[in-house]
Amino acid sequence: MQSKNPSLAPGLNLFPGLKPPHKTLAFHQILVLVVTFLAYASFHASRKPPSIVKSVLGPNIQSNSSIIESNLNSSILNSSLFDTGWAPFDGPRGTHRLGEIDLAFLSAYSIGMYFAGHIGDRIDLRHFLVFGMMGSGIFTIVFGLGYWFNVHVLGFFVAVQVVSGLFQSVGWPCVVAVVGNWFGKAKRGLIMGIWNSHTSVGNIIGSVVASGVLEFGWGFSFVVPGILMIVVGVLVYMFLVVSPEDAGFDSPGKEIEMDENVDKVENSEENVESEKAGLLETEDSDSLAAIGFLEAWKLPGVAPFAFCLFFSKLVAYTFLYWLPFYIRHTAVAGVHLSHKTAGILSTIFDMGGVFGGISAGFISDVIEARAVTSIVFLLLSIPALIFYRIYGSVSMFANISLMFLSGLLVNGPYALITTAVATDLGTQTLVGGNSRALATVTAIIDGTGSVGAALGPLLAGYISTRGWNSVFFMLILSIFLASLFLIRVARTEIKEKFREGKWFWNSIDTH
């Protein structure tokens, strides 16, 4: 039976001691968390190099304000304001072109995400994930080879980023679907909050590695993470088991989760009930068929969270791709930091993101309200960004503290929506707890978010030439819009909790 199962990892046959009954369900759940954590951390590590090398490839802006105050003519501006970078990213339009290659990558990523989720629900997830990892690793290396082959053609870098974005789009629907298969709904927010720190950990690893080898040539900043991705891809192929059934276990918490979802359906508002009834007529709850793309969009909660993530991810990815550049060109305590120091210092934002994802997941589990948790984090992030922009340059301590706080609040809802929320929506009663809908729902939510992720860095590349205050205004406006999309969902959550007597302060009073 196992020999016919394409999802059985070869590593389990190579090491029979890893199979049941030698190892428990808990062991395999931890193994899945570790393997998928490493997989997606490597994806993000390979995305980080473009942000690290921006300050080397692009124009090096020096004392912009003093030049403007001197009212120098355009010829002097072009020669003194911009140091030599790497054509075609040097010169006054360098930041625009850097934003355009970000757009190329993220546009392909967002488009590919919709197709990746659809395909992932229909083929072996382990093979599909490894395929994406190998392709991503190879094309990350190819981008870096432009350094040694002395490539100065914009079309080359754009084409490589497009293909790389398509391969990268495979990762997220696959890893979320696999983790969703192995874990029930209990404490899902906390578990996935901890697990989702792979995003920030990957960014940190990518920043440190790319910054560490930058002095040897910017090509190494791509080649080393690309090799790392390929190595981890081999590990995933050997040891990732897609679902508990493939290893001989029952799906954990399925019956409990089904009962909880039935109760929630019975207590929903009338307009949601009618929408659900229509879907239930077309979907057999016991069917294992993958849900259609349009049907997934109609599932309650999918559209609001998808559009919220559009703006949340716009903010998160603007920091991902432009924060080292911003730090490099903004004096801290009157001192401009080096390329390497700016790259390493930017990891503080991601460290805050680790705590943000965990805390958002934990809080949402305690109060059982994902939308309410997300709105609170989003609204608090607005003053955090304002303070970072105004006071971040006062001292290194202020810069680090405010950057950490901004990362915590910005990445909290981003992490929550892409993990626990996507998994909740993809395994709700309307699809009969059918995990084959999970990759599609995950792809819709994160794919929509990735469209925002594509626009953010592009807009930052253009707007930054008008001043960083304009960039921060764009980020704050995006956060405000993200919170608006969740108001209706949050209101429904609050009404349900009061109606059921399950709001956390009510629980304290009754116990």
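Placement of Cβ uses the backbone N, Cα and C atoms for every residue, glycine included.
Pulled from TrEMBL, these are the features on record:
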type	residues	note
TRANSMEM	25-43	transmembrane segment
DOMAIN	34-495	domain 'Major facilitator superfamily (MFS) profile'
TRANSMEM	128-149	transmembrane segment
TRANSMEM	155-183	transmembrane segment
TRANSMEM	195-214	transmembrane segment
TRANSMEM	220-242	transmembrane segment
TRANSMEM	302-323	transmembrane segment
TRANSMEM	343-364	transmembrane segment
TRANSMEM	371-391	transmembrane segment
TRANSMEM	397-417	transmembrane segment
TRANSMEM	437-459	transmembrane segment
TRANSMEM	471-490	transmembrane segment
Are there three or more C-beta pairs under 8 angstroms joining the transmembrane segment (220-242) and the transmembrane segment (128-149), sequence spacing 6 or more?
-> yes
Given the transmembrane segment (155-183), its same-chain partners at Cβ distance under 8 Å and 6+ residues beyond its ends are 28-29, 32-33, 36, 39-40, 43, 46-47, 100-102, 104-113, 115-117, 120-121, 125-126, 128-129, 131-133, 135-136, 139-140, 142-143, 146, 191-192, 195, 240, 242-244, 251-253, 418-419, 422-423, 426-427, 435, 438-440, 442-443, 446-447, 450
Is the transmembrane segment (471-490) packed against any residues at least 6 beyond its ends, judged by a Cβ distance under 8 Å, and which are they?
-> 301, 304-305, 307-312, 314-315, 318, 322, 326, 369, 371-372, 374-375, 378-379, 381-382, 385-386, 389, 410, 413, 452, 456, 459-460, 463-464
Does the transmembrane segment (220-242) reach the transmembrane segment (302-323) with at least 3 CB pairs under 8 A, where each pair is 6 or more residues apart?
-> no
Could you tell me whether the transmembrane segment (343-364) and the transmembrane segment (437-459) are in contact, taking contact to mean 3+ Cβ pairs under 8 Å with a sequence separation of 6 or more?
-> no
Go through the chain and flag residues at least 6 beyond the ends of the transmembrane segment (343-364) whose CB is under 8 A from any CB in it; none is fine as an answer.
-> 51-52, 189-194, 196-197, 199-201, 203-204, 207-208, 210-211, 214, 319, 323-324, 327, 337, 370, 372-374, 377, 399-400, 403-416, 419-420
Outside the transmembrane segment (371-391), six or more residues from its ends: residues with CB under 8 Å to it = 304-305, 308, 312, 315, 356, 360, 363-364, 398-399, 402-403, 405-406, 409-410, 412-413, 416-417, 421, 468-469, 472, 475-476, 479-480, 482-483, 486-487, 489-490, 492-494
